[in-house]
Amino acid sequence: MATIVSPPHFSPVEDAENIKAACQGWGTNENAIISILGHRNLFQRKLIRQAYQEIYHEDLIHQLKSELSGNFERAICLWVLDPPERDALLANLALQKPIPDYKVLVEIACMRSPEDMLAARRAYRCLYKHSLEEDLASRTIGDIRRLLVAMVSAYKYDGEEIDEMLAQSEAAILHDEILGKAVDHEETIRVLSTRSSMQLSAIFNRYKDIYGTSITKDLLNHPTNEYLSALRAAIRCIKNPTRYYAKVLRNSINTVGTDEDALNRVIVTRAEKDLTNITGLYFKRNNVSLDQAIAKETSGDYKAFLLALLGHGKQL
């Protein structure tokens, strides 16, 4: 369930004009911008961006970048982007880090529908003039390269049909490779990159039924490396997305210095989907609400915007 609260009736032209007015004069009226964009759903934001372009012959995101700064600017621009553009940007930023953040790629590959993943790849090529697969291949080697390239490039079945016999046989394949009985990880990569989320969940359940332990616990017995870290993230993301995201949020807030990139990514990408469930589990596991944690660890306009996406603040 979504956390964002948006009005049923609104005027994209009026919103565009109010945003322009907020950006004029001696100082930017950040509160006005938050009260508009922090309370508009995806469809409404698209119309506002179109209206802004038609009226002022300027991209709204360019305007926001020129007027705002810091974590607030990064979060609100991420929010205004269409989802395929957003995923392309997140993937590119993750790959450009000194140590690439492979878990961002895993999240995108695991949590998007085949159509959404294809749209993100198209947006990536449009924005950066080369493919996501090419950039992944140039920044990775070995098993981590094979896993990530396969996951982002696959167009998987997205239905609910499950083959229980296949789940049992492929649970055995994963078990053999995880325990080191196989020569390489090709079969694990094949299973993760070609099976639907429903089929993978069935495989993971059969794994635990047959071998008495979860696949993620067995993976913890191996020395940590990039490939196994990404593999664990993929499995956790597929098995229980709510738990996965609640943990990402906890880690982003509990680190020495808040990890704003992770905080932005989860709140912005899940606010219109399942953030209510994520915040509920966050509270159960941490004995503090996500709202309270954000209010404590962030400040100013950035804090106000994140809280708006969580359903707080006044609408304009």
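Each residue, glycine too, has its Cβ placed from N, Cα and C.
Swiss-Prot annotates G25, G27 as Ca(2+) 1-binding residues; of E54, E58, E67, the candidate listed for that same site is E67. Annotation note: G257 (Ca(2+) 2 binding site) sits in a coil segment as assigned by DSSP. For the modified residues given as Y128, Y155, Y282, the lowest number of other CB atoms within 10 Å of the residue's CB is seen at Y155. Shown in sequence order, A22, C23, Q24, W26, T28, N29 are the same-chain residues outside G25, G27, E67 whose Cβ sits within 8 Å of the Cβ centre of the Ca(2+) 1 site.
Straight-line distance linking the Cα atoms of Y282 (phosphotyrosine) and I253 (Ca(2+) 2 binding site), rounded to a whole number, equals 11 Å.
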